[in-house]
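As recorded in TrEMBL, the features of this protein are as follows:
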REPEAT    24-57  repeat 'TPR'
REPEAT    206-239  repeat 'TPR'
REPEAT    252-285  repeat 'TPR'
REPEAT    324-357  repeat 'TPR'
DOMAIN    377-447  domain 'J'
């Protein structure tokens with residue numbers, strides 16, 4: 001029976017109306033039976049039949065509202081609950097269901113009004129009292145979340161929204177705010193899940209489209225992100241956040257590409273400037289900024305500004321501690337600046353993450369250089385380059401041996417004599433190693449020199465000196481003028 005037929009009761013006799021009412025009651029009872037069995041779809045069908053028979057019965061709308069709530073169709077349920085209290089303002093359960101629907105949809109203030117009306121009708125109603133408290137709690141969570149969002153305390157906003165969603169599970173607004181904050185916290189899969197869930201129900205939801213784009217943007221998938229921002233703006237042209245994010249994404253992409261182009265062309269100064277400008281566009285884009293820092297670090301290494309390069313790479317791994325390329329770049333800079341312990345630490349981190357042959361060899365090389373750095377630097381002792389020729393090594397030894405010979409400092413204090421004697425011995429030791437091709441090769445390769453009879457404690461600096469200068473015995477310095485000395489063997 002259609003609603004239109006029942007809207008003019010004068011057309012029916014009392015007998016007909018009684019028949020329709022009984023039919024409607026029968027449908028209601030069947031609906032109740034299916035509801036009790038949790039078959040809510042069938043219950044919905046029978047309550048609808050009851051309403052078709054008697055469209056002015058408040059309880060039928062109330063029952064169908066309850067069924068729709070169980071099906072999670074809160075917006076439809078709200079319409080039925082509101083109709084039930086329009087038909088009968090004293091219907092307490094109708095007001096309770098209306099309030100529950102408002103609360104589930106996130107309209108806590110409207111929910112409070114409904115629960116207040118239920119309490120006016122039945123001031124001892126325990127459900128109304130509890131739901132009124134729940135609605136007030138949701139309003140409080142909303143206020144706290146609004147303040148914390150402005151403070152950028154996104155963790156607390158997520159906490160507040162989780163609590164609010166316990167009472168308002170169908171509120172898209174709360175879900176979107178939670179998803180946005182999850183994205184700001186770098187919890188992209190969770191944020192994507194929430195946004196996608198909303199889009200399954202409402203593919204035109206501009207806020208959900210914005211959050212999807214935001215996640216992609218922060219994951220450095222900028223082109224895809226722009227597509228979502230554009231789509232969000234089609235649905236809501238005045239969506240301010242989507243507009244700003246879209247503008248930033250396009251600017252960031254352009255600057256980064258320009259910087260890459262300048263780098264490939266060898267214009268390192270321009271590349272540095274472009275990467276720096278890109279870093280100023282959006283400090284919240286952690287992943288892209290980590291790449292920009294690493295890129296700028298590479299530019300600095302090309303410009304031989306190694307400490308600046310190290311700082312840039314450090315900033316990159318602070319933003320993204322899984323960024324292997326930044327660790328490798330910093331490790332190479334540490335190697336170039338002879339900070340071998342730091343280089344070993346970075347290469348260990350890389351090898352633990354990606355156990356490749358290349359990374360293993362890099363780590364091995366750094367460990368070797370670290371080991372070599374902890375030995376005496378014979379090249380430094382003689383004051384020559386590591387690629388010095390045999391003749392240059394001899395000249396260096398001659399100069400340093402004469403400079404530090406104990407006889408030259410016989411008139412100095414005991415402390416100075418002791419220090420110069422130590423240096424004299426080190427010079428002799430350095431010359432012995434670097435003047436012998438076999439020993440020099442072992443030294444350069446980082447092998448232990450104490451092996452194969454090369455005990456470093458067996459060197460006699462005086463004998464080395466005599467053998468080099470060819471003198472048979474004693475040795476003395478004499479002044480030949482201010483600051484000048486000549487030596488002779490006795």
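Cβ atoms are placed via backbone N, Cα and C, with glycine included.
Keep in mind that what you see is a predicted model, and the values were worked out from it rather than measured.
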Mean predicted confidence [pLDDT] for the repeat 'TPR' (24-57): 95
Chain residues in Cβ proximity to the repeat 'TPR' (324-357) (below 8 Å; excluding those fewer than six residues from its ends, i.e. six or more beyond): 290, 293-294, 297-298, 301, 306-307, 309-310, 313-314, 316-317, 363, 365-367, 369-370, 373
Tally of DSSP helical, extended and coil residues in the repeat 'TPR' (324-357): 28 helix, 0 strand, 6 coil
Three-state composition of the domain 'J' (377-447), taking helix and strand from DSSP: 53 helix, 0 strand, 18 coil
The repeat 'TPR' (24-57): DSSP-derived helix, strand, coil residue counts: 27 helix, 0 strand, 7 coil
Counts by DSSP class (helix H/G/I, strand E/B, coil) across the repeat 'TPR' (252-285): 25 helix, 0 strand, 9 coil
